[in-house]
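Database features (TrEMBL):
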type     : residues : note
COMPBIAS : 194-204  : compositional bias 'Polar residues'
DOMAIN   : 21-137   : domain 'BAH'
DOMAIN   : 139-190  : domain 'PHD-type'
REGION   : 190-216  : region 'Disordered'
Amino acid sequence: MAKPKALRQTLDSYTVKRINKTIKAGDCVLMRPSEPSKPSYVAKIEKIEADSRGANVKVHVRWYYRPEESIGGRRQFHGSKELFLSDHYDVQSADTIEGKCTVHTFKNYTKLDAVGNEDYFSRFDYNSATGAFTPDRVAVYCKCEMPYNPDDLMVQCERCSDWFHPACIEMSAEKAKKLDHFFCESCSPEGQKKLQNSQSTSKIAETKVDSKRRRR
């Protein structure tokens, strides 16, 4: 006769005594990696369960992937604290939790005055089987037409509001940090003059020039 399955109960919260932190469903946590040389895994807690005695606590988690763990790997525009919310669910012992962290929305992350060790951000959902991302398109900026990397210094044109990497506009980072005002080539008086001359020469009248590359 098969042994009856042990009954388990769902907990509203649980205190991980080793780190003296209380966790609950919806929290993001750092979990012990399979190899000590690897960074901590990051997961979102979906549910906390224990046996009938309140022991043997397990957490149902949804994993976040780092860019280098995804198909295609890390790309230039991926931030150092960027994570992808995956469709990979798992059950782990609560004892593997090393700490709590915060995974911000991309918008909220860019508004932080200071980024702590436990601060991350996610702007993509990730399909671990196919390598597909949702959304599959994001806004791109600058002449290089790359998505925004919050780790990179950028300057904003006061007229068109587009953002540019100093290197892409042949400007040093030191000079960019000292700017009080900035107008991109298309919006500067010199750029407008060149544009007008070009239009006159080619006899193209009333052409609207869209220099923005903020496609979705």
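Note: Cβ is positioned from N, Cα and C throughout, glycine not excepted.
Here the domain 'PHD-type' (139-190) has, by DSSP, the following mix of helix, strand and coil residues: 12 helix, 6 strand, 34 coil. DSSP labels the residues of the domain 'BAH' (21-137) in these numbers: 11 helix, 58 strand, 48 coil.
Over the domain 'BAH' (21-137) the predicted model carries a mean pLDDT of 95.
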